[in-house]
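Per TrEMBL, the feature GTP binding site maps to Lys36, Gly37, Leu38, Val39, Lys40. If you look up TrEMBL, you'll see Arg86, Arg111, Asp145, Pro146, Met147, Leu148, Ala149, Thr150, Gly151, Ser152, Thr153, Asp216 marked as 5-phospho-alpha-D-ribose 1-diphosphate binding site. According to TrEMBL, the uracil binding site annotation covers Ile210, Gly215, Asp216, Ala217. The domain 'Phosphoribosyltransferase' annotation in TrEMBL covers 12-224.
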Amino acid sequence: MTIEDREDAYLVTHALAKHTLSQLRDVETEQVSFRKGLVKLGRICGYEIIDGRMETEYVEIETPLEATMGEQVRGLDDIVIINVLRAATPFVEGLLKAFPRARQGVISASRDEEAGRDEDGSFPITVDYVKLPEIHEEDTVIIADPMLATGSTICTVLEHVVENSPDPENLIVLSAVSAPEGLLRVDEAFPEADLLTVSIDDRLDDDGFIVPGLGDAGDRAFRTT
Ligand SMILES: O=P(O)(O)OC[C@H]1O[C@H](OP(=O)(O)OP(=O)(O)O)[C@H](O)[C@@H]1O
Ligand SMILES: O=c1cc[nH]c(=O)[nH]1
Ligand SMILES: [Mg+2]
């Protein structure tokens, strides 16, 4: 079975999301444009989550002229966004434009690339810092990381998130680019999570980088090597 056959991996298909991701992929896109692109993509993905996952309700409102019925999105106060340091930081900045009242969590989880990949293809993950808000049953939890490669980072983050929290109404893993094997790893370990991504790329290379991908998102956004 491939990831496309699974019912819980969804693509963000908005044309602007694809447009922005294509700019991010371009090796000529320098730091400032790259960071701004991640912010823009986060905002578009946020709007897509609202459009595809959240309900609206009718409300009575008073315009300057008369009373009428309007519509408002339900649950905007029950959003939790988890920022996986460090590449997710600009991506989360964009998400916050869609969800300005989100409660935020931060987790520093990074791949130990020097240790290399384990036999099952995963990376050892170093977790240095975890600060998560309390999660409630009515929450929509969005774990944001632009890159989902082997899935090792997201599996580690999910362990921290599901530990001691009730099942939230929605548990969403949001990435910009993902690799099929990483999506499968996360899906197998956490079937309760919905996997939302802008692109499922072809494969991973021997170093665990997504191909064609967009390179090292953290390094490109933070101008490190
Ligand atoms: O799916 P995986 O194989 O775990 O890889 C994906 C992770 O790798 C990158 O982070 P990295 O460890 O390079 O940290 P950084 O964001 O600080 O660069 C990326 O931002 C993801 O968090
Ligand atoms: O392709 C990849 C894989 C992990 N992290 C990145 O930034 N890019
Ligand atoms: Mg990196």
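Keep in mind that glycine also has a Cβ here, set from the backbone N, Cα and C atoms.
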Gly37 (GTP binding site) versus Arg86 (5-phospho-alpha-D-ribose 1-diphosphate binding site) - Cα distance in angstrom: 16
Local Cβ density at Leu38 (GTP binding site) - other Cβ atoms counted within 10 Å: 27
Among Arg86, Asp145, Ile210, the binding-site residues whose C-beta sits under 6 Å from ligand 1: Arg86, Asp145
Separation of alpha carbons, Met147 (5-phospho-alpha-D-ribose 1-diphosphate binding site) and Gly37 (GTP binding site) (Å): 14
Nearest recorded site to Met147 (5-phospho-alpha-D-ribose 1-diphosphate binding site) by CA-CA distance, among binding-site residues Val39, Lys40, Gly215: Gly215
Pairwise CA distance, Val39 (GTP binding site) versus Ile210 (uracil binding site), rounded so that it is a whole Å: 20
Listed binding-site residues adjacent to ligand 2, that is, members of Lys36, Leu38, Lys40, Arg86, Asp145, Thr153 whose C-beta is under 6 A away: none
Which of Ile210, Ala217, the listed binding-site residues, has fewest other Cβ atoms within 10 Å: Ala217
Residues Arg86, Arg111, Asp145, Pro146, Met147, Leu148, Ala149, Thr150, Gly151, Ser152, Thr153, Asp216 binding 5-phospho-alpha-D-ribose 1-diphosphate per the record - widest CA separation, whole Å: 17
Residue from Lys36, Lys40, Ala217 whose C-alpha is spatially nearest that of Gly151 (5-phospho-alpha-D-ribose 1-diphosphate binding site), among the binding-site residues: Ala217
Model confidence over the domain 'Phosphoribosyltransferase' (12-224) (mean pLDDT, whole number): 96
Sequence-ordered binding-site residues from Gly37, Val39, Lys40, Arg86, Thr153, Asp216 with Cβ under 6 Å of an atom of ligand 3: Asp216
CB within-chain contacts under 8 A for Lys36 (GTP binding site), separation at least 6: Pro90
CB-centroid shell, 8 A cutoff, GTP site Lys36, Gly37, Leu38, Val39, Lys40, site residues removed: Thr20, Leu24, Ser33, Phe34, Arg35, Leu41, Gly42, Pro90, Gly94
